[in-house]
Structures are given as structure tokens and as C-alpha cells.
Amino acid sequence: MIIEPRMRGFICVTSHPDGCAQSVRNQIEYVQSKGEIDGPKKVLVIGASTGFGLASRIAAAFGSDAATIGVFFEKPPVEGKPGSPGWYNSAAFEAEAYQAGLYAKSVNGDAFSNEIKRQTLDLIKADLGQVDLVIYSLASPVRLHPVTGVLHRSVLKPIGATYTNKTVDFHTGVVTDISIAPCQDDDIANTVAVMGGEDWAMWIDALKAENLLAPGVKTVAYSYIGPSLTEAVYRKGTIGRAKDHLEASAFSISDSLKSIDGQALVSVNKALVTQASSAIPVIPLYISLLYKIMKEKGIHEGCIEQIQRLYQDRLYTGEAIPTDDKGRIRIDDWEMRDDVQEQVAALWQQATTESLAEIGDLEGYRKDFLNLFGFDFAGVDYKADSDEMIDIPSIS
Ligand code: NAI
Ligand code: NA
């Protein structure tokens, strides 16, 4: 079929298999262009199909020849209706990995559940024995708690007071003021339950209990801080409480790994266009200004550039891993540079519907957004028929 982007609200409901494959190939080429990393050899990536998690899988496989197991929650295609982008990304990733002679298998289902943990543990046991890196990169709006059976929903709200600021509808370019009412009583606890560190700890406990973690294992989860502009809705909002919990969990997980000389870390990453971040109000306006400034300065990065740098310059240098005073790895260092933040803050004051096309990188935002779904890649013939019924080799 011929597949075109179809928008519904802030998401795109179609995705392009050949474009997703192109995206994966581009990321592989980038990693290979940076040379070999003396990195992990057997890797579990939880949240492996899109965004930072996919980049983590690609950088491990094609940067240091790692065997990878990827866990994700994606929709397979049905005749006439494309699957989700993460489905096609994972199909393309496995095909590329096999061609390169690398082990790659995937597990599709709810990573919060006992069943998917069981299935993944069995796969590691059967095929890899142990893993030496576990990346935790889930971004989900809901979590069905495996012990209590409660369905938790995360919210993106300020705490204590209404937050009013500018935002942009990146599809139309219209800049408006938005007011977000403060969260209700249970919102913080629910958001922490979904996006905090409890499930990360459950994964590591389960892996350790069955001796599936190699001596010296590392496990890394991803966090975000960002500027004071977005603080009320992000870092000091409900999602920020979840990130506080995730960051605190790194210390307790590290304690639990002492006997095998393992370490749990959080990496604070740069703001980027992903399915998760485009749903947060105010963030798209910030990102479009940030992209403009970082591209002008020649320091813009996407997920793959960020994670390649995380492995090569932070995790696998052979030296102690550099962290900030709270024990976090910072690969948001270029985003948070004073000169970058001062210029973004100045542009923020000027941003209107009329000025944004000029002072911000709306085009770059839109392109990245379309790219998430496999659209707008050079080298892909979007007028041609493409086969939507692509399988993930290790799943079907
Ligand atoms: P994403 O939406 O691109 O990726 C989410 C991944 O989680 C996908 O592989 C998806 O299949 C998987 N997933 C979601 N629910 C699942 C479930 N129930 N079971 C199994 N898999 C499930 O998100 P992104 O942006 O890559 O986020 C990953 C992490 O990076 C998050 O912790 C996020 O907060 C963090 N981060 C994101 C930044 C951004 O600007 N996008 C910046 C800094 C950190
Ligand atoms: Na991810």
C-alpha cells in the first residue's frame, strides 16, 4: 500500500516501514562512523523500539558488537493498517543485526507485567547466560501494577499552583498561552508509580535473583532536568517527582548490586522530539528554540548522537564514570550550557506565531516528528507501494 502520514491530535496514526528501516540504517551508519567502543557485550534494553532505547540498542550492537535483547510494547500491522513505528524499527534492527552476524531477539508486551519479565528472563537464561548492561528506557502513560493490580495513570501537571506560559501547536505554528491547573491528590503517587524507579528495581531484582547479571554489570535509566522555563510543568511538576524517585532508585539498586560489583546509574539526557516529549505542553516550543540555537552553534544532537557519546565518553572510557554532585551522568551538558540557555530564554520572550518560524526551528521540529513515524527521510520513495505486513524475525 501507499502510506502517508495521518495526524490525529498530537500523534501520527500511520507509520512507514521503509522510512523506519532508513532511520535505523542512518543510526547504524552514524555509530559505525564514530569507531569501535570498548563497550558491553550482552545487553538487555527495556524500551528498545524507539527514541533513546532504540539508540541504546543500536549503539551497543553496532558500536561494540553486542548481543541484544529488546523489550517493547508495539502494535503489529494488520492487512491495510500499518503497525506502530517501533514495530518496524525493531524489524529493521533485527534484519541489520543478523546481516552483521549479531545476536538479536525481541520481546513484545507489557514490561511492567510479571509475564513479560518471566519471558525475558527465560530468553536470557537460554541464549545469553548473563547480561552486562541493562538499559531502562520506558516512557509510558500507564502502568498496571503487577502486585496490587492497580492501574496507575501518569499526568503532566504542576504541583501546588496553576502554571501559565507560552506553548506552540507545532503542526500549525500557532503560539498561545496555556494554563495548566495543579495536580490532584493522587496524581503525584500515580505518576511516580508509572515513571519512577519501582519497576526498574523489580527488573534488576528479578535478574539478580536468577543470577542473570554478569559481574561488574551496569544498569542505566534516563532522566531529564531542563531549564527554569519548563520547571513548573516538568522537573518541579508531577513527572519531576517521578524522575526524583528514579534517580533515588539508582542508589538503592547500586547497593543491591554491590556483591557482584555492579552499578546503577541515571543519565540525564537532552530534550529531543520523541513520541513521549511531543505530548508535554510547553516543551515543543522550548525544543524548537533550543534546536535553533544548538544547530547554530554546531552542537545539536539526536538520540543516537547522545547515546553514542554516553557510551564512548562516559560509560566505557575505562576510567571512573564522571557524574554531577547528585551522582548523575550528564549528557545534557551542551543543552544546559549558559550561553545556550541565555539565548533560548531571550528568544522565549520574543516568540509569537509571527516570529517563531524565523527565530525557532519549527521546520526541524516537524521533520523530527515525521521521522519518528518513518516519514520525510531522504532515500525513501514515498510514492511507491510498500509492504506493511513486515514481521519482526525473532517474534513471528
Ligand atoms: P519513547 O516513547 O521514544 O520510547 C519509549 C519506549 O518504551 C518504546 O520502546 C516503547 O515501546 C516502550 N514502552 C512503553 N510502554 C511500555 C510497556 N508497558 N512495556 C514495554 N515497553 C513499553 O520515549 P523516549 O523519549 O525515548 O523516553 C525514554 C526515556 O528517556 C524516558 O525515561 C524519558 O523520560 C527519558 N528522556 C526523554 C527525553 C526526551 O526529550 N524525549 C529527555 C531525557 C530523558
Ligand atoms: Na526509548
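Just so you know, glycine gets a Cβ as well, placed from its N, Cα and C.
What TrEMBL says about a protein is an automatic prediction, not a curated fact.
Here TrEMBL flags 2-78 as domain 'Trans-2-enoyl-CoA reductase-like NAD(P)H binding'.
Counting every protein chain shown, 21 other Cβ atoms lie within 10 Å of the Cβ of GLU74 (site 'Plays an important role in discriminating NADH against NADPH'). Positions annotated as site 'Plays an important role in discriminating NADH against NADPH' by TrEMBL: GLU74.
The feature active site, proton donor is assigned by TrEMBL to TYR234. Around the Cβ of TYR234 (active site, proton donor), 25 further Cβ atoms fall within 10 Å across all displayed protein chains.
Per TrEMBL, domain 'Enoyl reductase FAD binding' is recorded for 323-385. The residues of the domain 'Enoyl reductase FAD binding' (323-385), classed with DSSP into helix (H, G, I), strand (E, B) and coil, number 31 helix, 2 strand, 30 coil.
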**Q.** Integer Å distance between the CA atoms belonging to TYR234 (active site, proton donor) and GLU74 (site 'Plays an important role in discriminating NADH against NADPH')
**A.** 26
Q: Determine, from DSSP, whether GLU74 (site 'Plays an important role in discriminating NADH against NADPH') sits in helix, strand or coil.
A: coil
